[in-house]
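*Asks:* Right, I'll just put the structure down here and ask away after.
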Amino acid sequence: MTAVILPTIWGYLQILDAAPFFLGLGLSAFSLSGLLSGPLFGHWSDRTRTTKSIILFSNIFEIVGNFMYFMGYSKWLLLASRLVAGIGAGAGSSIFGYLTRSTAPEDRATVFAAVMACRQAGLLIGPAFNLFLRLCDFRIGPFAVDKYTAPGLFMCFMWLLLQLAVLLMYWDLPPEGTDEEEEEGEEEQEVGEEEDKPLMGSEEPLDTYGAVSGDQPETAVTPNGNLPPPSPPPGTADADPFQNFSARKEFLREEVVILLTAQFITLFNQTALETMVTPLTQKYFNFRELENSLMYCICGVEVIAGFFFVRWLSQRVADRVVLAVGLVICIVACVWCLIFLANPPPFHSCEQAGSFGWQLAEFIIGVFLQLLGLPFVAVSQVSLFSKVTSEKTQGFSQGVRRSVGGLATILGPLWAGGLTGNLYLMLGMMLALLTLLTPRGLRVELESGPPGNEQSKEDEVAALHA
């Protein structure tokens, strides 16, 4: 839903006398604060195994940030509003960590595809609301509600509704396996107590009780003659998920680095395209708020359909195949844009030459190809990343992954915002990054799994031989 500002933020900055580079700053500010808050929220969820309190806390920043955007006194307040709202985006790492812990590895790509499709539904619905928000023209006290400030007020209201929905309708589920472990612990305790009872009555004093035959292990007896308390149920001894955690072993492995690189490049290219497209359509096709809103709606429909197709495909082929298909599509899209979109004639030249329809068709195909590869790369790299990192610290790991994505969404708008007049350089960089990643992405080896799984694999082999 934050995409509701995309069709109008460029015009908003223009009426606030902002320089063109402020468009990149405004879009990057949201990602900057999300980059910093993501690992913190993820660490919080790993420690507490809760998500409700984190969502409620993060929503406060979204509410305040969007109200600041609505106030719109200056370009600096607008920039600050995006920084504040971005803090709330860090809760996404907690949500992805929860999804990882509560799903089986073979179902993970399917679940992540559905969740990401919901996100893209927000990107679709958000710009669509500008079809009526652009008609607003009234005042609330000292604040003007027009087509530029109305999206901030609307989003503030939507986050308030979400806050109420989470507060009243959502509860944290207990970690998977907790009930079973407690039942197993209770059964073991009962069996232990029955085994400790003597088979026949004895008149020996209490302090001599506990002597056993030589072929049985000796049981320790406390000074007062009582047996020691039973051992805690399995799974409770290692309560700290970060007890044996090593960031170097967790993240500095080839497969993890490749997946983080794929995350960076995908979001760098996507946000660069989002930043470029509004000034480009205004300059070359004379698009305004209505046309841009409709364009974002159509793009959202395509991406949602792509995510559901990937959801179906991930049940039939390996995640690495999905990743490879996505990278190839992204390369084809960049080549197309370099050939046909890097230097299109201005709007008036197109009208005079009668080539406006062809130019628009080339633009539509370029954007279509760029968005087509997004679901393939996004779903596969998130699913693979969850499988090659430790499940106990998924909140923090997903926070690191989202921080890498946040860095990309900072640099992408900054890169595109300053190069809207030099598309050869901008698109060439996007193509170079994809070309560097694709050979590694096609050969990535993921059989090793997360660190610390060697013992569990030995146990599985032993169990098969038993």
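In case you wondered, yes, glycine gets a Cβ from its N, Cα and C as well.
Annotations in TrEMBL come from automatic prediction, not curation.
Owing to the predicted nature of the structure, the values given are computational and were not obtained by experimental measurement.
For 1-446, the entry in TrEMBL reads domain 'Major facilitator superfamily (MFS) profile'. Among the features that TrEMBL reports, transmembrane segment is placed at 20-42, 54-73, 79-99, 111-132, 152-171, 256-273, 293-314, 321-343, 363-385, 406-437. Per TrEMBL, the feature region 'Disordered' maps to 176-240, 446-466. Among the features that TrEMBL reports, compositional bias 'Acidic residues' is placed at 177-196. Residues or ranges marked as compositional bias 'Pro residues' by TrEMBL: 226-235. What TrEMBL lists as compositional bias 'Basic and acidic residues' is 455-466.
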*Asks:* Taking contact to mean 3 or more CB pairs closer than 8 A (sequence separation of 6 or more), are the transmembrane segment (363-385) and the transmembrane segment (256-273) in contact?
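*Replies:* In contact, yes.
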*Asks:* Is it the case that the transmembrane segment (79-99) and the transmembrane segment (293-314) have 3 or more CB pairs under 8 Å, with pairs at least 6 apart in sequence?
*Replies:* no
*Asks:* Residues sitting near the transmembrane segment (54-73): Cβ under 8 Å, six or more positions beyond its termini, same chain?
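*Replies:* Distant Cβ neighbours of the transmembrane segment (54-73) are 5, 12, 16, 37, 41, 44-45, 80-91, 94-95, 143, 145, 148-153, 155-156, 159-160, 162-163, 166-167, 170.
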*Asks:* The transmembrane segment (256-273) vs the transmembrane segment (406-437): three or more C-beta pairs under 8 Å (separation of 6 or more)?
*Replies:* yes
*Asks:* Is the transmembrane segment (406-437) packed against any residues at least 6 beyond its ends, judged by a Cβ distance under 8 Å, and which are they?
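*Replies:* Distal contacts: 20-21, 23-25, 27-28, 30-32, 34-35, 38, 258, 261-276, 279-280, 283, 327, 330-331, 334-335, 337-338, 341-343.
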